[in-house]
């Protein structure tokens, strides 16, 4: 079979991702475009004659970039197309928005690269009474047009057949430009590098005349003639860029008049009706908060009900199983405990996170694909405008519910450096999936039936602190007004199940692999440091270990937030959590289990793997029945019952160490707000600078310590009023001084972002080094 590389390009919300998932299935690889932190996805699929590598290009409305301050999407798409890496392009076009989508199509066809138009979302177009003559459109464009409904898999085989039959586009003159424009474009083309095909040189000439700043990188000496060329043109026409765009839109209008009835189309009645409620100025925000709460409720309840299968099952296989092998094969006791607690305990920490994190990713994917997430940005626009930010900046913040790294990277879609930087500083406060894993464990241990409500309150606290951070920056070192907010709202539709599963799987797989590697390594090292004293001797009591001795010295620093000296394990969790937040659970599980295991002797004669696995399945089944019982549905704030008994195991020790729900909640506040993980810190440094990364770390530590201290000291005020009052006043005074210093430093702060654009050629190469996707 012949190998073929295809670039997949289209407007945002055109169904490009769904088509990519339909074609490639699970055969996908996620990384970054070389030199930039924009995600690059590749997938593999086969046709009758070809083995295809499909490259998913960023969604973009055109290939023209007027300002270097705009997002990188147009630059990356243009660079890849001009690089010659793609043998063929598939342009995904939204049939319900044909006129707008055809602008990008015309630019692609003018380049002369073989192209297939995938006319998607025909089902939505039909509901709006839009009729499109496929053959007529194909004849006018001079390339194959394949009708598709990617959410249902309709037209996929026809698209594969068209790929096998692909050939150069017919030489059809689509756009009739004014003769002076063509003459000057040809004059520029003559002085461009001769290795570029003539048609592409003419296209680059038009792009330069339109004001595209990145086409100059390919133009060679022609870029030096641009100013003189524009001066000559302005003697004949006012604005060359306007004439070029107008010629294209006239061509699009002529095509649409012949092949479709878009002018008489009816808007989606369902979308219009729902938007009257969802976008209502009074109901929009409560609906958004309810949707967020529902997401956490499902993640905690349904994910928690599935947890015994992963928790009890992994204990049976990787903890008790390793212990049984160790005793049976007469391993040394220290080696058996080391393997069971370190390796087995690390695996046992990762696997129980899967159901709850997976449920949250599934729900997020559903909200994104259904079209609701775009509405959430509009709902939050008024609030974001108060911060001096457009509502568009809330979109990357919502992405932060999954992971803060793409949230920081998503700030690139904003136009102004000030808006990008403010959004980057706010992003770490959005509670990610790794934090949900911590919250879920503490919710089951301390908050009983109010577990989901406790988790919801922490997520809302993260949003509130992000908003307050934005306000602080606006009135201190980043004063300014927001740019107007314009964003396309896609039509509501039911997401395709296959696409949902693939998106959820990609996110969950990335989380588990990343978390698993770190947690298992940390668990092994913690087990080692927990087994020896500072003098190097093996200890029987972990409270005499080197880790305990060092941690006890540091723990008093966290006394104001409710961490007592004997709870040194919680201090270790905060330090390891700086690597990755999910490691907090692994650390606490390893250390609390080590303390508990001293009182629990494992008897290999009583070990029965089949019984323990059956117990895991039975407990999961009972939990699912309880979760979907009528009583729970009538009273939805019912915490997960799949986390095990509180009287035994690591959770029992944790309950004793913290001593109260107030201390546990204060600890969670600190975990929510303090230092972001290493991946996020790296993303902040790349997207801004190391200085701003340092500011983000210090500000987060201050907010976390201040808020956790205020909460715990108010909650426990009656126990030690004098100490609590001193702590509260000290925190308030420190923050007043800090904000005052920031106001004075405003004139000396540079809010420009680091230059992140590499050479033209480097952006076309693939990089498989991902951060956190």
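The count begins at 1 with the first shown residue.
Just so it is clear, glycine is given a Cβ too, placed from its N, Cα and C backbone atoms.
Record features, source Swiss-Prot:
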type	residues	note
DOMAIN	3-169	domain 'FeoB-type G'
BINDING	10, 11, 12, 13, 14, 15, 16, 17	GTP 1 binding site
BINDING	35, 36, 37, 38, 39	GTP 2 binding site
BINDING	56, 57, 58, 59	GTP 3 binding site
BINDING	120, 121, 122, 123, 149, 150, 151	GTP binding site
TRANSMEM	282-302	transmembrane segment
TRANSMEM	309-329	transmembrane segment
TRANSMEM	344-366	transmembrane segment
TRANSMEM	383-403	transmembrane segment
TRANSMEM	427-447	transmembrane segment
TRANSMEM	453-473	transmembrane segment
TRANSMEM	518-538	transmembrane segment
TRANSMEM	664-684	transmembrane segment
TRANSMEM	691-711	transmembrane segment
TRANSMEM	722-742	transmembrane segment
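Across 282-302, 344-366, 427-447, 664-684, 722-742, stretch 427-447 shows the highest tally of CB pairs under 8 A with the transmembrane segment (383-403). In terms of Cα distance, the binding-site residues that sit within 10 Å of residue 12 (GTP 1 binding site) are 58, chosen from 58, 150, 151. Most Cβ neighbours within 10 Å among the binding-site residues 10, 12, 58: this distinction goes to 10.
Of the candidate ranges 344-366, 453-473, 518-538, 664-684, 691-711, 344-366 has the most C-beta pairs within less than 8 angstroms of the transmembrane segment (309-329). Measuring Cα to Cα from residue 10 (GTP 1 binding site), none of the binding-site residues 121, 122, 150 fall within 10 Å.
The transmembrane segment (344-366) and the transmembrane segment (453-473) are not in contact, since fewer than 3 Cβ pairs between them lie under 8 Å (pairs 6 or more apart in sequence). Sequence-ordered, the extra residues of this chain that approach the GTP site, with Cβ no more than 8 Å from the Cβ center of 120, 121, 122, 123, 149, 150, 151, are 15, 95, 124, 148, 152, 154, 155. Same-chain residues lying 6+ beyond the ends of the transmembrane segment (282-302) with a Cβ under 8 Å from its Cβ atoms: 355-357, 359-360, 363-364, 367, 372, 375-376, 378-380, 401, 436, 440, 443, 451-452, 455-456, 459-460, 627, 632, 636-640. By number of Cβ pairs under 8 Å, the transmembrane segment (664-684) is matched best by 691-711 from the list 453-473, 691-711, 722-742. Most other Cβ atoms within 10 A: among the binding-site residues 11, 13, 17, 120, that distinction falls to 120. A strand conformation is recorded for residue 56 (GTP 3 binding site) in the three-state DSSP classification. In this structure, of the binding-site residues 14, 150, 151, the smallest number of CB atoms within 10 A of the CB marks 151.
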